């Protein structure tokens, strides 16, 4: 491009670009940036104007320079140049103030919102704001004129159909509608207009109709996922025409017919092919043998014939699942790829023997003892041949299950329950082994579109050991009494339903019951005392119901060890039975009830309790006398009437979670141990608690007594004065005291200001209703006054959990002695952060969270020199993080998470004047690299997760640091983890979803990690054995490049009810895992493999 020179350090650019200073003296080195219109938001327009004026004066008044330049201009020319440039800059300024969003895209998105009935999930889609800032979507850069390129609508309360207007977003590259169970209808044809679409994910909805043939028109499509729908018909052969397709998932639908022959000839890279849980039939096309799949899943269909062509020594396949079909081929001749890690062939008619060569492969799903394998090889083959010739399922059980299916209105979730198939192969249940004649022992119905009541026929499965109905909100009615017939029942979980009625007395008849969870229902009435008669019960969860009454006295005498007692979120009342002090719970949760009296009997030095939650009750006891056991990790006592002081001995305990706020505690917070590790939120709103991390320093006891009781005379003075004089003085000061007590402590100016705040908030009904002008404002809810040293001025204002629709009242700045300001969990509180807050010179604690505040994080915060705690999380704040926050000399806690912040982490954050604050910046849109200088700081807690940060983050680690938690998950960090040395103090380490390389250091086995996750990275090598690294399960490691040897050790007792077979579905359906089991002495070793492996 030929650029006409106006001046040695200024260049002219066509109108598609912007005036921009040259980066060198040579005009040929000029930097031309097409995106400068957007990045120029950081350029001062005023400075550019000054530059132009300087040029004007330069040409007009500096004759020497005019004579030297080859581009001489007269005064008229200069004037014309000046006004031309000023005119251009004016237009530039206007351009910078406009939305990035394309007007056509905005109109289309508003139509989509309207088509979906304006759901709250899309509340940020406001026509007066820039659509590129809206939730659920993403705009491209200037190369596509900032058109919308991504639309992701996920897990909201949305009903309707996919709006056809999605086709009117012509630059869309990514389209996701996911986990929207009320989204129905067919896939709209208008999608064919999306010529740039590369990613289409329409899953966990209720779409019907066929998989459209027109999808073959999306020639840029790379990823296609239509799983968990109600799609029917055949698989269209035209999908194989897509030249860039690398992933196909059509699982969990109602597709029929055969796999298309054309699927043997994909033009591009061979895709992941997932067709499981359908009704596909026929043979697999032989041409599929020509392809080298990474993952293939044809499980739970009706496919027949030969599938051996999918294997081969020259392939690089990692996962093959052909289970629960009718395949028939000779396994003896199958040669596996060396890369194969997952192989599932269960429930077929496969013959032959297991090849000896398989001993050479590192199969993760065939983790059996090879010696035993070959000793019993022919015997096992014989058993398989017999077993596949007839149904294992008991006929009575099958008939009962079909009645249960009918009672639930034949839901699609139970589509595999077909009378002509073996019920032991049906989804949602499990049969026992030959010792119980293969009777049904487990029934788990979870998260389906099911309505009705729990069928009484469940009582007709006499060998049932585990019964679960979970996360089915349309299951209503009462718990059926037929359950009492289940004499072998060990686990009963009826949770996240809508069950009503009482907790039945008849549950006491289930003498083998060990686990009982009836949480998240609408159960009412009292807790039956008869539950204490169950001899094996070790887990009781009745939380989140409407239970009333007291805890039964009998609960202090369970025959077995009651490890877990969870009764939270009910309406229980009264005192806790003293007999509960005889029990040694692992976890106890009585929170959010109306309990009163003493609860100190739950503590004790000889107990091994890990978690105690008594929060939000009306307990009253002296904390000074409470002795804890060193095993206690979680203690929550907030919002009670607990008195006394915090014992010094508590400094010896390694508490992970502590909260004693909103009580009546007094005295200093003991120093040492972990008690100062917690922020002031752990301790605040107590009667006279003092010391770090609270702001209030502790006064000498004598001074407090002297201050409050000036007439507290010593014995010496009393003896000198006559009795009459003493009596007169006593009466005089009693009169003064009575007079002072009758007056308001509240300062008049503060009361007037608070009443203005109330009015500004539209006089809300909740706690603020106590703000009566006739009452002392120091007694009002949500308000706290200081002592006489500040003339009882208001020092704390805390407004939360209220139906308030307004902005933060500017009058808060007129409470000059305010130290604590909280507006929290007020979703209708909008607008910017009020600049009047800058007047609060004594402010130490600022929490504006879970509101809908907008605008930038104000720079004026840097004026609040006493500020120690800032929490602005869960808002809609935008812009960059102001560097001036690093100037706050006392800042100890900074949380800006869950906003829309952009830009990098300020370099100035390296130089906080005090100690490094707890730093929480997660769930924003921050980008760029972490400043290396942050490595010099010793953060106690740091959370940078869910951003777009990249580069190296290893500087945050170090053995000489005292860091407690590090969360860097879901970014784009890239560094070698092999060289990272972690401080032994680290308790939580989450690095998932990055590009981290290397191997896990052996030294990490020495860490006491409570939470650990390195999944979705590029790690390689073996996972070191020992320590806590095997505690968090396979989920902590999956989706890495080549991590291996993920084994876990469990107590054999926990799994003694499981049948001895190669593959088992895990007990908890929330974790979709398979388990391979091998006995090792008195323990059992397990290999846990995710069913949804995606490397």
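The backbone N, Cα and C atoms fix where each Cβ goes, glycine too.
Summarised by DSSP class, the composition of the domain 'Leucine-rich repeat-containing N-terminal plant-type' (103-139) is 19 helix, 3 strand, 15 coil. Marked as domain 'Leucine-rich repeat-containing N-terminal plant-type' by TrEMBL: 103-139 (among others).
Summarising the annotation, TrEMBL assigns domain 'Leucine-rich repeat-containing N-terminal plant-type' to 395-431 (among others). Helix first, then strand, then coil: DSSP counts for the domain 'Leucine-rich repeat-containing N-terminal plant-type' (395-431) stand at 19 helix, 3 strand, 15 coil.
For the domain 'Leucine-rich repeat-containing N-terminal plant-type' (747-785), the number of residues in each DSSP class (helix H, G, I; strand E, B; coil) is 20 helix, 3 strand, 16 coil. The domain 'Leucine-rich repeat-containing N-terminal plant-type' feature in TrEMBL is assigned to 747-785 (among others).
Outside the domain 'Leucine-rich repeat-containing N-terminal plant-type' (747-785) by six or more residues, the chain places 685, 791-799, 801-806, 809-812, 814-815, 820 with a CB less than 8 A from a CB of the stretch. Outside the domain 'Leucine-rich repeat-containing N-terminal plant-type' (103-139), and at least 6 residues removed from its termini, the chain residues within Cβ reach (under 8 Å) are 146-154, 156-161, 163, 165-166, 168-169, 174, 876, 878, 900.
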